[in-house]
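What Swiss-Prot records for this protein:
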BINDING   Thr28, Glu33  Ca(2+) 1 binding site
BINDING   Asp61, Asn63, Asp65, Glu67, Glu72  Ca(2+) 2 binding site
DOMAIN    12-47  domain 'EF-hand 1'
DOMAIN    48-83  domain 'EF-hand 2'
MOD_RES   Lys40  N6-acetyllysine
MOD_RES   Ser46  phosphoserine
MOD_RES   Lys47  N6-acetyllysine
Amino acid sequence: MASPLDQAIGLLIGIFHKYSGKEGDKHTLSKKELKELIQKELTIGSKLQDAEIVKLMDDLDRNKDQEVNFQEYITFLGALAMIYNEALKG
């Protein structure tokens, strides 16, 4: 039986692949796919304006290929986890 951490990692991977490849490369997120993922999977997503999502995409897209690959996605989740951790500390 998978541990809770194994399950969490599987969920993060599954969510990436749920949205990647709806258009174009199935191993990356386009701007449209990233926007949909953020809006549907993150509580803060519905509060973000389009311009904020575009800025986030630009920040995440380290290699500037106009798509977010899995490594860039995981980097985003790591940064988000750090923000959540700080918020929980007080």
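Here the Cβ of each residue, glycine as well, is placed from N, Cα and C on the backbone.
Where Swiss-Prot records a feature, it is marked here on the structure.
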| residue | record | contacts (Cβ under 8 Å, 6+ apart) |
| --- | --- | --- |
| Thr28 | Ca(2+) 1 binding site | Ser20, Gly21, Asp65, Glu67, Val68, Asn69, Phe70 |
| Glu33 | Ca(2+) 1 binding site | Tyr19, Ser20, Gly21, Lys22, Glu23 |
| Lys40 | N6-acetyllysine | none |
| Ser46 | phosphoserine | Gln39 |
| Lys47 | N6-acetyllysine | none |
| Asp61 | Ca(2+) 2 binding site | Glu67, Val68, Glu72 |
| Asn63 | Ca(2+) 2 binding site | Asn69, Glu72 |
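Ser46 (phosphoserine) carries a helical DSSP state (H, G or I). Counting neighbouring Cβ atoms within 10 Å of each of the binding-site residues (Asp65, Glu67, Glu72), the lowest count belongs to Asp65.
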